[in-house]
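Read through the structure below, which is laid out as structure tokens, and then see the notes.
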Amino acid sequence: MGRADSEEGQLPAPVKPPDGGWGWIVLLGCFVITGFSYAFPKAVSVYFKELMKDFHVGYSDTAWISSIMLAMLYGTGPVCSIMVNQFGCRPVMLIGGLLASAGMILASFTTNIIELYLTAGVLTGLGMALNFQPSLIMLGTYFDKRRPLANGLAAAGSPVFLSCLSPLGQVLLEKFGWRGGFLIMGGLLLNCCTCGAVMRPLDMGMKRKTEKAQDKYEAKEMLPIGGKSDEGISTTDKNKKGKKAKKKPKKGKKLLDFSIFSNRGFIIYTISKFILVLGLFVPPILLVNYAKDTGVPDTEAAFLLSIIGFIDIFARPACGMVAGLKWVRPHVAYLFSFSMLFNGLTDICSARASNYTGLVIFCVFFGISYGMVGALQFEVLMAIVGSQKFSSAIGLVLLIEAVAVLIGPPSAGRLVDALKNYEVIFYLAGSEVVLSALFLAMATYCCLKRGKKKEPPPEKNPSAGGGSDTEEAESDVQEAEEHSSDNHQPAHSTDNAMVAASEEANHVAEDQSGEGGGCPKGDGEVLARDGSNADQMVERDSF
């Protein structure tokens, strides 16, 4: 009975991302969240002139609203990681959507610029941060094979929303003023709550399916036992509860996993990303003023940013598709290095552009390279740390990026004021991006080369190193499955022996031999090897 029925009612395989299904709804939510997070701070700049008139402040004072939003988006990364690890993605996103909406609604009733900093800057920025990071975590949970494409499509939300929110903000400003515009924008941000509501935890549904399959399997196997079936089921339930009670404290211990700093790949990525952010955002910030200084009219100068955004919309999904190819995905870190090198060389080559045609060519190539960087940055991080530690990794990376954001663009602005020369700034920014690309490529090559030499030892001892709670649960289920398949047959034969009195002595002898040593030595060795192979498969999948 054991093997035939076990194949029909066996427990499902370890949980794997569906790469589709409800994942496409999650991707749509991530697309919207990414669009609001990156485009909203820039779209708010449409209202700056009216704010300057009403509050009698300068442009630099109103620009602090966008700066505070971005600082909250990047700087609160560890806080978001702690909240996600403690409460999960969906509750955090729902709270974030409410905070973002409340910030803009309260901002419509402010009477001075300081109140705007606290409402539109701090409160809305914190709300968007609590939406942005969990959405990326959920995207990595639902997608594995198609994850590069999913990341590329989600990243395309930034240029799409920027091209929509800026004209919409101008229309709202003309019809309702800046207060009415802020109020309506606050209502639009409530869509973040809708996006948070669709972020259904993948493990919850899979756990329910696993428990149902396990109950059916145990009922099938224990049905001939009769009165002892209830005892067996209750025993398994007690074992489940005992395991859950043991596992729960582990989840609460690490709200922010700093062990990722022991990962050489994460350290390399963090350093290269810090250098990259120092120069990545400088060219688009200074591009319009640079074009005006070369004699380009204001309307045509502003159109240059639209060119970058339009190219960026198509570059990100296309780069995600390329990164998902079988022969490209194992080397996605090098593709990311190439995209950064491409972007840096574009900055350097455009430093001497002296006419509008040259600037348009620069915008085309910059849009392609910028879109490639945006599509690959989080995919590379997911590939390095894995989905289990991604929530902690992205929080720490965003915090480090916040420091670079506060250093890079302001330093570039001061150099422009001091030197009155944009060429030097473009050379400097391009050099920083090229340096980050070369560092990532060379350090990754050395890291991988050293990692290959150290691959055999971990395979000999798969239990070494800290595994996640999910991996431990999966291995426990596999061990329980193997143990139950080995032990159900002796129990069944013992009950049959009570009916057939002539064979009772033989079955009792078999039971006693099972208690003394279990199955024969050769069979025990085979099972041990199978169990170790199962554990190794779980660890390889998680790596």
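Along the chain as shown, residues are numbered 1 onward.
Each Cβ is built from the backbone N, Cα and C atoms, and glycine gets one as well.
For 21-40 (among others), the entry in TrEMBL reads transmembrane segment. For the transmembrane segment (21-40), the residues of the chain that approach it from at least six positions outside its boundaries are 69, 73, 93, 100, 124, 128-129, 131-132, 135-136, 138-139, 142-143, 150, 153-162, 165, 185, 189, 191-192, 194-196, 198-200, judged by C-beta separation under 8 angstroms.
Marked as domain 'Major facilitator superfamily (MFS) profile' by TrEMBL: 23-448.
According to TrEMBL, the feature transmembrane segment maps to 63-84 (among others).
Using a Cβ-Cβ cut-off under 8 Å and counting only residues 6 or more beyond its ends in the same chain, the transmembrane segment (91-110) has close neighbours at 33, 36, 80, 83-84, 116, 119-120, 122-131, 134-135, 179-180, 182-183, 185-187, 189-197, 199. Here TrEMBL flags 91-110 (among others) as transmembrane segment.
The annotation transmembrane segment is assigned in TrEMBL to 116-137 (among others). Sequence-distant contacts of the transmembrane segment (116-137), counting only residues of its own chain at least 6 positions beyond either end whose CB sits under 8 Å from a CB of the stretch, comprise 29-30, 33-34, 36-37, 40-41, 44, 51, 55, 64-65, 67-74, 76-77, 79-81, 83-84, 89-90, 92-93, 95-104, 106-107, 110, 154, 182, 189, 192, 195-196, 199, 378, 387, 390-391, 394-395, 398.
Annotation comment: TrEMBL describes 149-168 (among others) as transmembrane segment.
Annotation comment: TrEMBL describes 180-199 (among others) as transmembrane segment. For the transmembrane segment (180-199), the list of distant contacts is 25-26, 28-30, 32-33, 36, 40, 44, 47, 89-90, 92-94, 96-98, 100-105, 107-108, 120, 124, 127-128, 131, 134-135, 138, 169, 172-173: same-chain residues at least six beyond its ends, Cβ to Cβ under 8 Å.
The annotation region 'Disordered' is assigned in TrEMBL to 228-248 (among others).
What TrEMBL lists as transmembrane segment is 266-291 (among others). Outside the transmembrane segment (266-291) by six or more residues, the chain places 260, 300-302, 304-305, 308, 340, 343-344, 347, 350, 356, 359, 363, 366, 370, 373, 377, 380-381, 384-385, 393, 396-397, 400-401, 403-405, 407-409, 412-413, 416, 422, 425-426, 428-433, 435-437, 439-440, 443-444, 447 with a CB less than 8 A from a CB of the stretch.
The transmembrane segment annotation in TrEMBL covers 303-325 (among others).
Feature annotation from TrEMBL assigns transmembrane segment to 332-353 (among others).
What TrEMBL records for 359-378 (among others) is transmembrane segment. With a cut-off of 8 Å between Cβ atoms, the residues of this chain six or more beyond the transmembrane segment (359-378) that come close are 136, 148, 151-152, 155-156, 158-159, 273, 276, 280, 283-284, 287, 290-291, 294, 296, 304-305, 307-320, 323, 332, 335-336, 338-340, 342-343, 346-347, 349-350, 353, 394.
Residues annotated as transmembrane segment in TrEMBL: 390-412 (among others).
Residues 264-265, 268-269, 271-273, 275-276, 278-280, 282-283, 286, 290, 333-334, 336-341, 343-348, 350-351, 408, 412, 415-416 of the same chain, all 6+ positions outside the transmembrane segment (424-448), place their C-beta atoms under 8 angstroms from a C-beta of that stretch. Residues or ranges marked as transmembrane segment by TrEMBL: 424-448 (among others).
Per TrEMBL, the feature region 'Disordered' maps to 451-543 (among others).
Under the heading compositional bias 'Acidic residues', TrEMBL lists 469-479.
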Residues sitting near the transmembrane segment (303-325): Cβ under 8 Å, six or more positions beyond its termini, same chain?
145-153, 155-156, 158-160, 162-163, 284, 287-288, 291, 332, 335, 339, 359-360, 363-364, 366-372, 374-376, 379
May I ask which of the stretches 149-168, 332-353, 390-412 has the most CB pairs under 8 A with the transmembrane segment (63-84)?
390-412
What same-chain residues lie close to the transmembrane segment (149-168): Cβ under 8 Å, and 6 or more beyond its ends?
23, 27, 30-40, 42-43, 46, 135-136, 139, 142-143, 306, 309-310, 312-313, 316-321, 323-324, 371, 374-376, 378-379, 382
